[in-house]
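Some features that TrEMBL has for this protein:
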type: TRANSMEM; residues: A:12-37; note: transmembrane segment
type: TRANSMEM; residues: A:57-82; note: transmembrane segment
type: TRANSMEM; residues: A:94-112; note: transmembrane segment
type: TRANSMEM; residues: A:139-159; note: transmembrane segment
type: TRANSMEM; residues: A:188-211; note: transmembrane segment
type: TRANSMEM; residues: A:217-238; note: transmembrane segment
type: TRANSMEM; residues: A:245-268; note: transmembrane segment
type: TRANSMEM; residues: A:280-303; note: transmembrane segment
Amino acid sequence: MEFLIVSTLNGVIYGMLLFMVSAGLTLIFGMMGVLNFAHASFYMLGAYFAYTLSGLFNFWVGLIVAPLLVAIIGMFIERYMLRRVHAHGHAHELLLTFGLVFIFEELIKLFYGDFPVNYQRPDYLNFAIFNLFGTDYPFYRVFIGLVALLMFIVLFVLLTRTRVGMVVRAAERLPDTARALGHNVPMVFLGVFGAGAALAGLSGAVAGAFFPTNPNMALELGVIVFVVVVVGGLGSLAGSLIASLLIGVFSSFAVGLDWSLASLFGLIGLGDWANSLGGLVTMPLSSISATVPFLLMLIVLLVRPAGLMGSKN
Amino acid sequence: MPRWITTAAAITALGAIAPAVQAEPLKIAIIESLSGPQTSTGRLIATAAEYVIDQANTNGGFNGEPIQVKEYDNAGDTSGAATKFREAAADGAHVIIQGASSAIGGQVTEDVRKHNIRNPDNPIIYINVGAEAMELRGKKCHFHAFHFTTTAPYRTVPLMQVMSEQGDLGKRVYSINQNYSWGRDMETAIVDNADRFDYQVVDKVLHEVNRIQDFSPFVARIKSENPDSVITGNWSNDLLLLMKAVGDANLDITFGTIFMDQPGNVANAGDVAEGHYVAHSSNIELLDEAGPEAYKKATGHYPVFIEPTTLNGVGLFAEALKQVNFDGGDINVNEIALAMENTTFDNGLGGMHVRKADHQAVIPIVVSQVASGVKYPVDGTELGFKPIKTVAGEDAIYPAQDSCRMRRPK
């Protein structure tokens, strides 16, 4: 029971963090069709900006201003780089954002050094919210989850219930018609890209204070957010949420379970033989817990090629 | 005057635009991860190695010429290292220095071995200052490879010995390591020493390297075993996140680590880090002040993490250079390698030398504890590494592996 509750809680919170980072990515892809490889770099920039700002002012200023700065950088990239290569097709956009990943990584190292910086949450956020089977549960983890939940609600309402959301969706589905109706479609795209970058920046500002802020953080999360978006269905916000939670919970449970192929053989009485083989057969699930998301992606792609909530199923 | 005569003679003899006779400069290639995720380690190694060479050059260089150093960026992977090795060999490098990552170390040492088989007259020396895999000193050992860093058992034994003497090891030990050669070496060392230091390995976990953001599921697993101490060879994020997660859960567990002194760890972990142990090959708290101060003046920081190892390793190499003399003629790399085998270098904690059987350096291990009130606090905190005990190299070192069959030059 303890294992069940603790693992679920850990998994859900980690899933919410993944959702927070991938929300912007799925927004940008869903609305603009741009697969932004540099998305996790925005996440890293958010953390570093928040670190600098929290040193100059305080934690909350960092939390609010850092995403805005990241949004400005995002809009600059959209306006002066992506728009130029847009005419040449998706491959060029992909390559451009792929290159930006390396540039951001080395720039961060130039300005902040190679080592993790000391970005900490304020002491008054540093307490245990409850005690679970003798283990303190840090409040900040719950805080990350709450911010992510809030983000989902705001985005969802904005896109489906407001006029702004309607214009954005119209600009994506039928850009020419939207333009004919007097909407500035390039401006809408600029705004969407900025908002997507800001979301990544915000998640960096929040999560950077919990996980270390270091030059590799974009690399570490870069692949997994793509997995989230693919599993959830490209462009689907709700799909991303479900995929994030699935990945979070599955990874969390995988750590606690020492299952291996050998134990599977054990069920049919071949356990000793399987154990004697060694190698991959006896590799416990916990040792490959970080591959669980990829396994999930494989299965989803086989069964539902457009992702869980993808529109083209 | 004599040189002028030789030069004149040479010109007369060739009767044309013969190059001026010049001593052959010693060329050192640093093939390191200078971009990509491993930059933090690669850059420190390059800085420390260049510092030693600069010093040697101010003292007159080698063979009548300044020693030439060149950095090659392997971008953190083996294929990059292989390309850069070919480049360095084409540039005429005599010595290659590398350290970040055992995988790259494996690539470089194999490339050097093959190069030396094909070019017995122009061999290259490989100076390993950071790759800790046992295999490099075992199956992959060869005469031209020198290993100045330690290995998993080399550090684990003194670490657990001191922790047990201090009463912090306890009876229940948890082993958590990264799932590759290094982590497996660590796990083996932890399991093998259970009887010697009278503990029980309550659980052992191998997890993926630098892929896990959230360590709380591992903490839940650690907690369920109720260990007294956790021994881990984790480095970088994997150590930091693990310590933070354990600290957030408020578990009272002592960590025995190998890489706690990596910059940024203590600051990020905060008070959680206090009381944890680290086994390293040097500790500036124990050194004469002049060395670290001079280093800080030249590089902007005190030697940390992998830098002392590099300073000592390349230092021994520089010391060995003093014992060979080619009188401004061609450089004989084999003679330098033989001199390295016979050199003793004072690293400030005692003499260090290279074991002939597998070219593993015999160096003392310092076991330190994160504590306040130290001379050199780190990361802008009040905490630093308080030395608890120095274990002599001879007592800490593991026996040479049978798999090492070294062929010496005739």
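Backbone N, Cα and C define each Cβ position, glycine as well.
Small disclaimer: the values here were computed from a predicted structure and weren't measured.
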With pairs fewer than 6 apart in sequence excluded, do the transmembrane segment (A:12-37) and the transmembrane segment (A:245-268) have three or more C-beta pairs that lie under 8 Å?
yes
Quickly jot the same-chain residues contacting the transmembrane segment (A:12-37) by Cβ under 8 Å, restricted to those at least six beyond its ends, or write none.
43, 82, 90, 93-94, 97-98, 100-101, 141-142, 144-145, 147-149, 151-152, 155, 168-169, 171-172, 189, 192-193, 195-200, 202-204, 206-207, 221-222, 224-226, 228-229, 232, 234-237, 239-241, 243-249, 251-252
I'd like to know if the transmembrane segment (A:217-238) touches the transmembrane segment (A:139-159) in this structure, counting it as a touch only when three or more C-beta pairs sit under 8 Å and are separated by 6 or more positions.
yes
Cβ pairs under 8 Å with the transmembrane segment (A:57-82): which stretch of A:94-112, A:188-211, A:217-238 has the most?
A:188-211
